[in-house]
Amino acid sequence: MQSDSSTSLQQPPTFSIEDRLEDSDLEQLEHASQADRAAASFHLLPTAALLAAFSVVGTLVRIGLLDLHNYPDAPVISVIYPQIVGCVIIGWTNVYKNSVSKRYHPIYVAIATGLCGSITTFSTWSLDTFLALSSTGNARQSWNGDNVLAGIAITVVVLSVSLSSLSFGEAIALLPTTLSTRPPPAPRPWLQLRFDQTDVAAMVMGGSVWACAVVLTFAVPGWRNVMAAAAIGPFGTLLRWRLSLLNLRHAKFPLGTFFANMLGTLCIGILYLLSHRASASTNVCILLNALSTGFCGCLTTVSTFVVELSSLPKAAAWTYGAVSIAGGLALLTVVLGGTAAHITEGACLT
């Protein structure tokens, strides 16, 4: 018996695409009656509240990591660090998906979709790749082969490290923990007509965290740039969460994540262009930065993207990955391509 248990601990867990995709609370209700759907809709509010709270935290973590590693002559691009952190966390979380969900399902959605999805960002990664390919804002580069090498390097390094971080998170989860040995409590009924104490606590916490971000945006001028992004971020997270309903429509191409990443990438390209146009007031610059870093950063995700890549069949994964990366760059080319050579640093978004 001991040898069997040790062997099971050493073997990496396997997941189907349904297990590893972002969960939407209504996925389990596809064939439910209208009455059941109405009852289950009560559970959406605690989930949305927790998503908002974890999204605020995830946005702040991402901004902190980007600022911490954004210095001259950095060995790697700073956008890689949020991807590492977010992918490690979602790798660990997916191993214990069932255990966490049995305790309180909204907390799993909040961690996987809210926290990890807000720490990682597909739109910023795509924008950095495009800027490298086009030499935008970099006077030391010219239109030559170096641009192509730089763009390929950013794409390959970020994607490879993100996939490795996902595997590392899963490996950490295989270590003995109290979560794996403690018997889970009795599962809470999914379909319920009223909130319990846990739901109320979740809604109060989520609303309080978001309200604090809003208050700090106006109360502390020195934090306005950061807190405005954190306050707007949950709207991108909630939109991505709702778009995840589309993931089940095509088993080999997660449409929800794809549309979220493409929409966020398109928006960040437009915002980048607006921020480098004519001079704007400080408040306008703060708003553009909040939308770019907060809304677009939280609307797009790398953590779910790499989970899907590692879960899909190889041919489907290659297709999905290539279309997503190429699609993001194509959208940025349409938005910024004609003006890339004339964009300079020093405006709102740099």
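Glycine too: its Cβ is placed from the backbone N, Cα and C atoms.
According to TrEMBL, the features are:
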TRANSMEM  44-64  transmembrane segment
TRANSMEM  76-95  transmembrane segment
TRANSMEM  107-127  transmembrane segment
TRANSMEM  147-179  transmembrane segment
TRANSMEM  200-220  transmembrane segment
TRANSMEM  255-274  transmembrane segment
TRANSMEM  286-307  transmembrane segment
TRANSMEM  319-343  transmembrane segment
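Counted over residue pairs 6 or more apart, the CB atoms of the transmembrane segment (147-179) and the transmembrane segment (76-95) come under 8 Å in at least three pairs, which marks the two as touching. Between the transmembrane segment (44-64) and the transmembrane segment (200-220), the number of CB pairs under 8 angstroms, six or more residues apart, is three or more, so the stretches are in contact. Here the listed stretches are 76-95, 255-274, 286-307, and the one with the most C-beta pairs under 8 angstroms to the transmembrane segment (107-127) is 286-307. Long-range contacts of the transmembrane segment (286-307) within its own chain (CB-CB distance under 8 A, at least 6 residues past either end) are made by residues 20-22, 55, 58-59, 62-63, 83, 86-87, 89-90, 94, 112-113, 116-125, 158-159, 162-163, 166, 224-225, 228-237, 239-240, 254, 257, 260-261, 263-265, 267-268, 271-272, 274-275, 280, 321, 324, 348-349.
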